[in-house]
């Protein structure tokens, strides 16, 4: 897919246009007792998106499929038009919410065949997304993580420096210090203190090294020495009495819509789970993307005690495959934490009703739910989420119906989930390692 030469110019012109902002419906928190940060993921910009009478040529990401209902903010068979991404960031900028920082967990390029992209075009898309964020949020520290599509060929992120690693190291310099830039350039990962909260460290992992389709890391026990680096970094944070938020693209654990399928290779998943268990007192939260769905997980120790909260954020892109029945509405989210110990207090999930936005020609981003209010839990701590998971697992759980509706970001309230479907969801929420996950399936399937 050749990107037009005047692409960046077009982006900046679009940026000056008002995409139509929704009224933020989140509660106002005037007291400084609550800190906040945004999480955005899976932008998947498709620069070819345009409205045309030939619905097989609306976007490269539809791969020639007939796009039935294209509008200014996209279509479910297409990745994001720039106007959709801009509307998301404009909503964040004008939401009235004060945030200390933003995490951005990867995947800027579109889902298109390998031959339609190149290293240059992938870097160009990442550049344009970075420039958009930096222009809209010049004073906000942003912590990116690389996704499996943030490379060419897709998924093949290497164990040593590359053109993409070097390019993002230069692009993200305004947000990171020299040490972070150095490890990012070498292996696509880094750690960085939050400027406004110096005892909080962000660890941005390159979990794409552990992704099944990545042939560059086959038969390697510690690709790019990231495991060793991670343990050293967490040990240092433990000694220095820091708290850590772990961010990455591909999550730990099992996919909630598949059977016995970890999001990454089994060996690597077990290794990460082991590290996270040993340093659970340091890690105050884990945040991922990749699945395009809204889900949570609770990491437990080997005795079944909940020790870590894990959040997988839904995508901004609404894209789905032709044969898929369900997809997601575009979403972004805001986390609230307790300054000092960085305990996660709440999460506010915002979304765009894509059908409505296209009909009206304006984007009305609204609050989909506030986690504590939606589920009646005290906070986002592991014990609270473990209790919620137990509620979700009960027979005829109304809480689970709500959870499954939010899983697709309120895309389709009639989406069915039979007993097998529910079991896969519950087992994925509560079991991140092989032994406990398989035991869960044996007990419930």
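Glycine too: its Cβ is placed from the backbone N, Cα and C atoms.
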Of 107, 170, 177, 222, residue recorded by Swiss-Prot at the Zn(2+) 2 site of 148, 249, 290: 107
Binding-site residues: 44, 249, 290, 292 - member with fewest neighbouring CB atoms within 10 Å: 292
Inter-residue Cα distance where the pair is residue 66 (N-linked glycosylation site) and residue 59 (disulfide bond), in Å: 10
Additional residues around Zn(2+) 1, ordered along the sequence, whose Cβ is within 8 Å of the centroid of 42, 44, 107, 292: 41, 43, 79, 106, 147, 149, 289, 290, 315, 316, 317, 319
